Amino acid sequence: MLLKSLFPSILAATSFVSSVAAEDLPAIEIVGNKFFYSNNGSQFYIKGIAYQQNNLDSNESFVDPLANPEHCKRDIPYLEAVDTNVIRVYALDTSQDHTECMQMLQDAGIYVIADLSQPDESINRDDPSWDLDLFERYTSVVDLFHNYTNILGFFAGNEVTNKKSNTDASAFVKAAIRDTKAYIKSKGYRSIPVGYSANDDSAIRVSLADYFACGDEDEAADFFGINMYEWCGDSSYKASGYESATNDYKNLGIPIFFSEYGCNEVRPRKFTEVATLFGDQMTPVWSGGIVYMYFEEENNYGLVSIKDNTVSTLKDYSYYSSEIKDIHPSSAKASAESASSISRTTCPTNTNNWEASTNLPPTPDKEVCECMSASLKCVVDDKVDSDDYSDLFSYICAKIDCDGINANGTTGEYGAYSPCHSKDKLSFVMNLYYEQNKESKSACDFGGSASLQSAKTASSCSAYLSSAGSSGLGTVSGTVRTDTSQSTSDSGSGSSSSSSSSSSSSSSGSSGSKSAASIVSVNLLTKIATIGISIVVGFGLITM
């Protein structure tokens, strides 16, 4: 009876050990302007599909595509069937668990490029900022996904600058890239690439790519995606504009790929551009592309339709399948590419079409902002709704100089407190107004929206406040803090781990590494299985 009850447990344990011990996908690395597998140095081309369903039936602002294992189980076979090796996801809910979907994707050999923003937390092209709220959002996604080796990279922005009148917004996205890369490094995570996804505006596209690729490695984008919809119906390399784009980007210096493609002006889409994209004319410059998109919706870009949780492939799916399965791109080796003549891109000069400063916004620093807030006498009252902040800003900044909280991506001039939370910035200008009105009690009221507090300045804050100056027009060099994001429930490993993001940084310093918890689990279960098998052998039920 003992052996009967023990034997299934032994088999289960050994099966689980086999599952946990399975190799993670090798991380994808960058050398020159190409992607390579980290384990063997062979070139990696993106054969991707955008995978995010619009929110139709929920009060939430978006649907997390990797938080529903049943949907992943339903869809991944259809992704596999068309040789998909990358999906792009546009918004992730950091309060959800993604372990099962990420594991299923890994088992299918599929990598993920994830946008760091979400609809309610992104850089606004019309009023751009890079502040603590966004920094905490971006780093929370990094914390959640850093230890999955099938995370290929992150997008810090998508079509933020989309025409010549808002090129200043790119300075804020580039600051986001800089600080996200610094955060990854400071946490000891593996080196995950961070890039940008642009639209295809002929007036700015070359300057846009050059801007993100130029400068010091610490602040430059690691890769560049372009949402390309020029090839419609039966076109050609020249007629589609692909030839022109390839010439435009041939010296970019970082990997470039189509972060979206698949014009639907002619349907069904036959995807005749696939052979060209992965052909010899384009592969020296381009690293593949991501078809837009998996789900059929009102915009008519889908490869499949889903009704009552049942997948039906569309004609586009069949055409894409036949094209993507027939590609044979040439393959470079990382060892040869390292000796390439491709060098760092030169930053674009300011013109009528391009006005983004190479002087980037300061790093959001929670400690600096907290020091400033504590030093104030007049602050916004806690009962004031954040929706009312804009009216208060408008009123105050019409009466005093608010440059200490403002940021200008064209001139490259940024107030010392421009990266702070809105509440802290509002308190700062309220206090300025109060001081400029000789600290009259009525000057700290604003219709009951402000109140007085006892100002405090800790010794550790003196240097910050001195550098910023009383008006906030000085310069404070913010520091990337590693304690801003909350712990999450995801395992953070391609091969299930029980450690949270807050405790796993030391176990993920190299590509493809298992988390400490996974290693412990494997070792423990191996010992259990070994003991169990020894017992069975000892009873003579198995001969060795």
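Every residue, even glycine, has its Cβ placed from backbone N, Cα and C.
Keep in mind it's a predicted model, so treat the numbers as computed, not measured.
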Swiss-Prot annotation, disulfide partner among Cys369, Cys371, Cys378 for Cys444: Cys378
Disulphide partner cysteine [Swiss-Prot] for Cys214, chosen from Cys101, Cys232, Cys263, Cys347: Cys347
Rounded to the nearest Å - Cα separation of Cys444 (disulfide bond) and Asn147 (N-linked glycosylation site): 48
Protein Cβ atoms within 10 Å of Asn40 (N-linked glycosylation site), excluding its own: 9
Least surrounded among the disulfide-bonded residues, given as Cys101, Cys263, Cys347, Cys444, when other CB atoms within 10 Å are counted: Cys347
Proximal but sequence-remote residues of the same chain as Cys397 (disulfide bond) (Cβ under 8 Å, at least 6 apart): Val429
Cα separation, Cys402 (disulfide bond) to Cys369 (disulfide bond) (Å, whole number): 16
